[in-house]
Amino acid sequence: MRVSRYFGTDGIRGRVGQGLISADFVLRLGNALGRVLAQGRDTRPMVLIGKDTRISGYMFESALEAGLVAAGADVQLIGPMPTPAIAFLTNTLRADAGVVISASHNPHDDNGIKFFSAMGEKLDDATEAAIEAAIEAPFLTVDSEYLGKVKRTRDAIGRYIEFSKASVPRGFTLRGLKLVLDCAHGATYHIAPMLFRELGAELVTIGVDPDGLNINAGVGSTHLETLAATVRESGADLGIAFDGDGDRVLMTDAQGRTVDGDDLLYVLARAWRASGRLKGTVVGTLMSNYGLEQALGTLGIPFIRARVGDRYVHQALVESGGVLGGEASGHLLCLDRATTGDGIVSALQVLEVLRHEGLTLSQALLGLHKVPQKTVNVCWSGPARAAVEMPEVRQALVEAQAAVQGRGRVFLRPSGTEPVVRITVEADDVVLMQQTLDRLADVVRDAA
């Protein structure tokens, strides 16, 4: 596996104004991307830039734009749009690359940069390595007659809404359904309500008033409390929550109970198997609940686990010929409908199943029995990867795995996007799970 100097599991991310997430670095990053794209061609490359709603997006949009134009690349500014929309638009507008300025589910004082290839897919390792090498080279400003040009795309919202609606059958409608949408004050705030209303749903909306600072603040897929309460109070059929950049989706049923990515994978896999739509292997991650694996096995559906991160789920799907995969966090990939994780498209796939089968969300989950699972994040001041190499942590991990052997699983991994170590324990007994988790977390905290 390539060791990256700048890129994490989902692009480049950090605190605004510090390290890599500074205007001067992003200027160089844009210049590096432009130079890589220009290699071996006579025409100017074209790059799309989109962003979520955090206030620092204006600063980084300008920095990227300047770096790209200096390198001789044309730029199309999309403005606030979901990450998967930029993936789609990069492909359909025949751009050479797409860039998203977002830190996903993180608070407003974080930001990041994600890239897409001309096909609307995450960059491969070789392209990332070429960009990293170009960052280290001197800044390039081409001669004036070769500078890039910038324009703003005006019809992006309509294009993406029609793309999303095309992911379900033409006769599909949400008439008669009452939904609560939580858009996290993020990139879906203006698109998701419009789309779901066009399909006929009665809507209650929360998280649709971004001010640049409130993205993911107590709302969205990482804060489902408000969504759950609103579903219960309004008598809605279910709730749908997106994260700040719209590539994740979680739900709540009519009683306000959380329905995570593992649950949604089960709903889709079961229905698609019955309809013949499911191809190849369903892909989860090392964090996917053991109960999901058991339930799919009962249905005769093959299931494999990839490393944590939607890019690794995507890679495993391509290698296994599959079309459905995802993570408990809500990154779902429906590769027969979209090239990357798309919260809106994934939500529509689930709703299409429920409408077709005439089931409520809770009824669609009756065949899935997950084992108790819990994850804690332990802050780590230095490189989080160092945690798993410390002798006392490794010994504690061995002991934890022995404690749940035959009854569950234990995972300890550094986050690819935050300065934390994630510890997950699952076991068929909730007391055993909690005791094992507490002991291991205490050792990691002491080591930190």
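Using the three backbone atoms N, Cα and C, a Cβ is placed for every residue, glycine included.
According to Swiss-Prot:
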ACT_SITE  S104  active site, phosphoserine intermediate
MOD_RES   S104  phosphoserine
BINDING   S104, D243, D245, D247  Mg(2+) binding site
When you average the Cβ positions of S104, D243, D245, D247 for the Mg(2+) site, which other residues in that chain have a Cβ within 8 Å of that mean position? D52, P82, T83, S102, H105, G186, A187, F242, G244, G246, R248, G343
Taking just the CA atoms, what is the gap between S104 (active site, phosphoserine intermediate) and D247 (Mg(2+) binding site) in Å? 8
Nonlocal residues around D245 (Mg(2+) binding site), in sequence order (Cβ under 8 Å, 6 or more apart): D52, P82, T83, V100, S102, A103, S104, G186, A187
D247 (Mg(2+) binding site) has how many other Cβ neighbours within 10 Å of its own Cβ? 33
Cβ neighbours of S104 (active site, phosphoserine intermediate) where a neighbour is any other Cβ within 10 Å: 31
Inside 10 Å of the Cβ of D243 (Mg(2+) binding site), count up the other Cβ atoms and send me the figure. 33
